[in-house]
Amino acid sequence: MSHSTKNRNPAYTPKDATPERRFPLRELVLFGALLAAVLAVYAAMGAAYSTRMLVEAACYAILALGLTIQWGYAGQFNAGVMGFVALGGFCAMLFSVPVNDAFWGTELPGELGQVLLYGIAATLIVVGVTKLDRFGVPKKLRTVLAIVIGIVLYLIVISLLREVTSQIQSQAGFIGGFGLPAWVGWIVGGALAGGVGYFIGHVCLGLRSDYLAIATLGIAEIIKAFLKNSDWLTRGTATVSPLPWPTPGPAELGFTLSRAIYLSVTAVVIAVIFFLLHRAYHAPWGRMIRAIRDNEVSSAAMGKDINKRRLEIFVLGCILMGLGGGMLGTFNSLFDPQGYLPLNHTFLVLVMVILGGPGNNLGTIFGAVAVYIIWIMSEPLALFLMQLAVTLGENAFGWEAPSNMDSRALQARVLVIGMLITLVLRFAPKGLLPEKIKTHG
Amino acid sequence: MNELVFFINNVVIAGSVTGSIYAIGAIGVTLIFSIMRFAHFAHADIMTFGAFMVLLLTTAFPAVGASIGVPTALIMLPLAMLLTAALAVGIDKAFYKPLRAHGVKPIVMVIGSLGVTLMLQGLIRLFSGTGGQSLYVDDRKEIFRLALPFEGVRAPIVITEPQIYLFVITLVAVVALHLFLNRSRLGKAMRAMSDNPELAQASGINTNTIVAVTWVIAGALAAIAGTLLSLDVTFKPDLSFFLLLPIFAAAIVGGVGHPYGAIAGGFVVGFAETLAVFNWNVLLRPFRDSLPTWLELPSNLAFVGTEYKIVVPFFILVAILVWRPTGLFKGKVI
């Protein structure tokens, strides 16, 4: 597969090589409107606030790019974006937080390492037992043996682990970080999210597409439960803060400037991802992926390894989600496992992708920024509307409003997000900036 | 013997309770799956909606039950079932039917159902607030303590009133469903459509009616499950959150499109959950003296802590998808 046109037969000029140029009116109008909205926010809310909003929107754009790969390129629905985002945030925390001497100065790291070694040894033993049938042990006996030994070893390892972790918690608080630059954490976060994605994808991608949605939904909850309850690792609900930035922090440069520098870092990352995705989309690999999405049977008939390609796509998307999650976590400068909500980190990203245009990277970025601005601005709006309703109700009907109106007002946003998903699916399933399907012929 | 009673209370009874609720929920999911061929993510929220309807009705007329001697919530249940069934049919008409008419892929229906989930969640929380509320508004929750007629047994078997209702209603619902699917014309048509929709349509079955009937059954069952769960614990708007994964796991374990499998799957998942969080050290305690001295058991021998309960259905799901994706009872749709 050569990318250059040098050694191509001059008689052969595929339509693909000279795409029809169209004036991108729709793109210009939409991005112009977006720019106007951003400027309006700057004028109304001040530079520091608006820059923060832009950085967060940029991080969400990375998440949305991850989801658009999975949903737009390959038609896989990941209902657990939150889990991968949380993994990225966790890694950013673990790698960038300063070293905790109260932990590393004691014998506890050795004990923890010992337990981990026990765990590996136990896994190896169980794997070994499952292979016993090759040495003439009957298969049923092997299965029973493997299950019994697995349960016993698991109980031993888990109780040792519980002992060590409770000691860590009581003596050192939590294990602290590694004191490395934050970008190491982002990369590892991406890798870890990719690893989890590989596991899930390996199990589910050969089956019905619904099963992937169910399994990702589950893994996201499990990751959150783990991060929330492993106080020795993450301090759980006590939260870790502050997380050091890779760029100069607000203490040195002030809020606006430091956030602007962070924004430029995220913009560079998005630009790199965008460029690479653009290349991949128009490369033979991208064509193959779309062929599989649009007609699985015929691509299988042409000898494409469907499950392998699907796994590639899914893992790639998860990596981007982990990376974006890391950047988002570092920017918030706070690791709070309970702050990861399926609403914000899964459904909002989903809305960004399906509204912006699944499979169209530019549309996805547009959707991410636009939806995030609407989301952020809807909070004061919802509170205002609810206040209005309460005042009206009290004055006109003598209705006594419940005390927790504020939290209820925010629930109205859940309603709106849900409505948006169903309406977009119904009336504009291709999004505002639809994927451009090339026709060859 | 006290340990055995503890086991019965914490595993047999608790497992049957969660198992029944998962089973009723999973029947609805599996029916929808077999007729409309998509995983209905909003099912757990329809359950919550049913429970919320009961809560509203009970709050409105708290004294109805006292005159007959059963909790008011239970009297309101049939009404709530009707309302929930109507809601389910309405949701289908408003959101799923247009998508179906467009001939979208099943996964788009899944996303649509996620949107419906969010809308229901938002609506319920908007009206109920985010806190928990008991469905026993004016009544008292009876707790029965059955002392066992054995020497040296001090701990009684504890079972609460809603749990007894739960078992009875589950049994009635399952038998009724069985009769409906096997004896009635509509039930047979439903099974035919789940086997082969084109053939069913060609042989004169009105598929629109079947779809509506499926939603009615699924909605009514969801209302039962949600209400009984809320009776046993309390009503919380995020109830559904903890139900979704176990219900799907149950439906898939039982074989998708297989109502009896869903019942079995519900109990498998329910018991697996309770067994996994049970502290096995309690059962070994009587033998403590006869164990060799080098074997010092830790005080907590549970497989997973209660905070990691959600791991159990997930691993059952993964295991079944790896080893037997059609489910224990050979479901139809893979």
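Backbone N, Cα and C atoms are what each Cβ position is placed from, and that goes for glycine too.
Per TrEMBL, the features are as follows:
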- B:12-34: transmembrane segment (TRANSMEM)
- B:46-68: transmembrane segment (TRANSMEM)
- B:74-95: transmembrane segment (TRANSMEM)
- B:107-127: transmembrane segment (TRANSMEM)
- B:164-181: transmembrane segment (TRANSMEM)
- B:210-233: transmembrane segment (TRANSMEM)
- B:239-256: transmembrane segment (TRANSMEM)
- B:263-282: transmembrane segment (TRANSMEM)
- B:302-323: transmembrane segment (TRANSMEM)
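Take the transmembrane segment (B:107-127) and the stretches B:12-34, B:46-68, B:210-233, B:263-282, B:302-323: counting Cβ pairs under 8 Å, B:46-68 has the most.
Counting Cβ pairs closer than 8 Å to the transmembrane segment (B:12-34), the top stretch among B:46-68, B:74-95, B:210-233, B:239-256, B:302-323 is B:210-233. For the transmembrane segment (B:302-323), same-chain residues at least 6 beyond its ends with a Cβ under 8 Å from one of its own Cβ atoms are 242, 245-246, 248-250, 252-253, 268-269, 272-273, 275-280. Across the candidate stretches B:74-95, B:210-233, B:239-256, the maximum count of CB pairs under 8 A to the transmembrane segment (B:46-68) is reached by B:210-233.
Long-range contacts of the transmembrane segment (B:74-95) within the same chain, counting only residues at least 6 positions beyond its ends with a Cβ under 8 Å from a Cβ of the stretch, are 42, 46, 49-51, 53-54, 57-58, 61, 64-65, 68, 112, 115-116, 165, 211-212, 215-220, 222-224, 227, 231.
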